[in-house]
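Asker: Structure incoming, see below.
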Amino acid sequence: MTANLLDFDLDGLAVFCERLGEKRYRAVQLFRWIHQKGASNFDDMSDLAKSLREKLKVSAQVKAPDLISQHISSDGTIKWLFDVGGGDAVEAVFIPEEDRGTLCISSQAGCAMGCRFCSTGHQGFSRNLKTGEIIAQLWFAEHFLRKHLQRDERVISNVVMMGMGEPLQNYAELVPALRAMLDDHGYGLSRRRVTVSTSGVVPMMDRLARDCPVALAVSLHAPNDLLRDDLVPLNKKYSLAELLNACNRYLAYAPRDFITFEYCMLEDVNDQPEHAQQLVRLVQHYSSGGVWCKFNLIPFNPFPASGLTRSTPERIQAFAKILSDAGIVTTIRKTRGDDIDAACGQLAGEVKDRTRVGERIARQRTFMLKPVSEINTQVKEN
């Protein structure tokens, strides 16, 4: 069976090379060719022995999902749609700024979380992405942008796992992809510049802290369990108390000294002054005295059939002021790419086979009921 080399972190690639009778340093060379130079043709890898190149031609490939479409926003944001087979497609979004280039990556086709304000959740869950399908989004985007912008140096400085899916429900495939992003022979990204966003899969937050502690963002969206049960159904499994305690445990390993809480601003749902005051009390209750979190307020990005409305700018500003006045670092996310449905909460994948939506929703319900022991959490040993 032909192996896709994008599925391996460096250690996995070293094991693969050993099976071919090659030394570890060959894996380093190969890893650099793939991730730093964007090579997919083994004949282009000129410092590899010809004998190794011939072995690779019959046993391996470097294969990213096919690109279906590209959309460029008026603000420079780029959205790519990738075909991952079986009628499924996933999206990645590049957000250019003066001091950074951020890529938003998907981890699943669809999502099992069912958050009310998220278009992906309304699509339902289809399947987990493989490691190669996750890292291929960065591999494609980085080398496409270098060629397009005629630059030799790195274009993407930050990666956020905030695209389609719940990353921590795909733990075994996620971690090797994160390691490839961080590896100096790969993309060499700082742990501070790679962020995993989670709805609050508490046991996997603890695992990530030990295995690959990158920056953490938590989709909070509500100041109490009653409201969060409605907006983020996973809260019925892991309450705010369990989630906030897990956040404090994560801080001991985190590359930053704070956790980011994401809070989608929904008119007349979670945007009242009393909600902000409840958040202040919640944060203070779990604080050990210092600043341990920041809030990122996200204006809701509407999509059909959501039944929700974006809070007014005035209400968002007033909400932010209550948090800031309490000493909580608070930012308001600038909406980017909403004219191409690339803004936060809008990624739905434009799945080619729309006839399977009912099947996906049923699979979503089943997936949500699984105990953690049945979720794919075993990091691959190659």
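In case you wondered, yes, glycine gets a Cβ from its N, Cα and C as well.
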Asker: Can you find which of Ser197, Ser239, Ser324 Swiss-Prot lists as binding S-adenosyl-L-methionine at the same site as Gly165, Glu166, Ser219, Leu220, His221, Asn301?
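Answerer: Matched candidate out of Ser197, Ser239, Ser324, per Swiss-Prot for S-adenosyl-L-methionine with Gly165, Glu166, Ser219, Leu220, His221, Asn301: Ser197.
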Asker: Over the residue list Gly165, Glu166, Ser197, Ser219, Leu220, His221, Asn301, recorded for S-adenosyl-L-methionine, what is the maximum interresidue Cα distance in Å?
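Answerer: Greatest Cα-Cα span of the listed binding residues: 19 Å.
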Asker: Give me the CA-CA distance between Cys104 (disulfide bond) and Glu91 (active site, proton acceptor), in Å, as a whole number.
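Answerer: The Cα atom of Cys104 (disulfide bond) is 9 Å away from the Cα atom of Glu91 (active site, proton acceptor).
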Asker: Which one is it: of the binding-site residues Gly165, Glu166, Ser219, Leu220, His221, whose Cα lies the shortest distance from the Cα of Glu91 (active site, proton acceptor)?
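Answerer: Smallest Cα separation from Glu91 (active site, proton acceptor) among Gly165, Glu166, Ser219, Leu220, His221: Gly165.
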Asker: What is the total of other Cβ atoms whose distance to the Cβ of Ser219 (S-adenosyl-L-methionine binding site) is within 10 Å?
Answerer: 26
Asker: On the 0 to 100 scale, where does the mean pLDDT of the domain 'Radical SAM core' (97-339) fall?
Answerer: 95
